[in-house]
Amino acid sequence: IFIMEWENQTASSDFILMGIFSHTPTHIFLFSLVLGIFTVALLANTVMVLLICLDRRLHTPMYFLLSQLSLMDLMLICTTVPKMARNYLSGRKSISVAGCETQIFFSVSLFGAECFLLAVMAYDRYAAICYPLQYPQLMNWNVCGLLAASSWILGVFDGIVDIAATLSFSYCGSREIPQFFCDITALLRLSCTDTSTFETLVFICCVVMLLFPLSLIIISYTRVIITVIRMSSGEGRHKAFTTCSSHLVVVGMYYGAAMFIYMRPTSNRSPAQDKMVSAFYTILTPMLNPLIYSLRNKDVAKAFSRCWGREI
């Protein structure tokens, strides 16, 4: 049934991405700014992944998880911005059904995987700070690899569920998507099929993907903060707070935007607000994540200096 629906929709007209920019001077400047952000995100995340792979001193569970975060951010921003830029520069706003489904799959999968990965990173900090002597056993490479792989698998599973649902929808009216990329919540408003069951499924998925990992993060960092406050060493307390504050900034930005987008009722949605918040977590956050970690992390700065020195 899903395959037949996909074939019927492919034979019909493409979707139209309305985008977020017009050709006014202000919007041309904003579009140039987005391209600048995309370039910085592309370079920063690529550098983070390469540094962690090349520098043996960064071959620890914490930095391995950080490399996975950078890889997810790199893939996420490449899923949305190139197509948006191509449509804006060419004046064409269309996207094929297959292209739309591909964007949905990757954006949802990466979004879900990153939610779970942030919870894994919180557990890693919890184990390192609260149980330093048992940390090599609690977060050995087998456990670390299993948790990272589970994040990817759970994200991909969520992407498959959303694709299976959207392939079963019928789009018999307007095919204009009020977004700059194919977003599952935007497609719900275009379908002439009853989507109430799917909206319930989306809400359940959000509880699993957002509230459950967020609860684990809150519990982990509550324990971490209590342990840090009790530390007798001022230097150790400062180092722990520096590391954890970086993680918490990323968590706050990512989960805040995600809950705003996916956990509001459809009737309360505003296309303008959705565009702005979607741009924040799909474009701005992938740039901020590596900058937050690299600028506040002396080990990453030293690794960069060592690798740069070798090249020179």
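From the backbone N, Cα and C atoms, a Cβ is placed for every residue, glycine too.
According to TrEMBL, the feature transmembrane segment maps to 28-51 (among others). Residues of the same chain lying 6 or more positions beyond the ends of the transmembrane segment (28-51) and with a Cβ under 8 Å from any Cβ of it are 21, 58, 66-67, 70-71, 73-74, 77-78, 81, 84-85, 88, 279, 283-284, 286-287, 289-291, 293-294, 300, 303-304, 307.
Annotated domain 'G-protein coupled receptors family 1 profile' per TrEMBL: 44-293, in sequence order. The average per-residue pLDDT of the prediction over the domain 'G-protein coupled receptors family 1 profile' (44-293) is 84, rounded to a whole number.
Residues annotated as transmembrane segment in TrEMBL: 63-84 (among others).
Annotation comment: TrEMBL describes 104-123 (among others) as transmembrane segment.
Per TrEMBL, transmembrane segment is recorded for 143-161 (among others). Proximity of distant same-chain residues to the transmembrane segment (143-161), defined by a Cβ-Cβ separation under 8 Å and at least 6 residues beyond the stretch ends, is recorded for 61, 64-65, 68, 104-106, 108-117, 120, 123-124, 201, 205, 209.
Using a Cβ-Cβ cut-off under 8 Å and counting only residues 6 or more beyond its ends in the same chain, the transmembrane segment (200-219) has close neighbours at 111-112, 115-116, 118-119, 122-123, 154, 158, 161-162, 165, 184-185, 251, 255, 258-259, 262-263. Among the features that TrEMBL reports, transmembrane segment is placed at 200-219 (among others).
Sequence annotations record features per position, and here TrEMBL assigns transmembrane segment to 240-264 (among others).
Look at TrEMBL and you will find 276-295 (among others) tagged as transmembrane segment.
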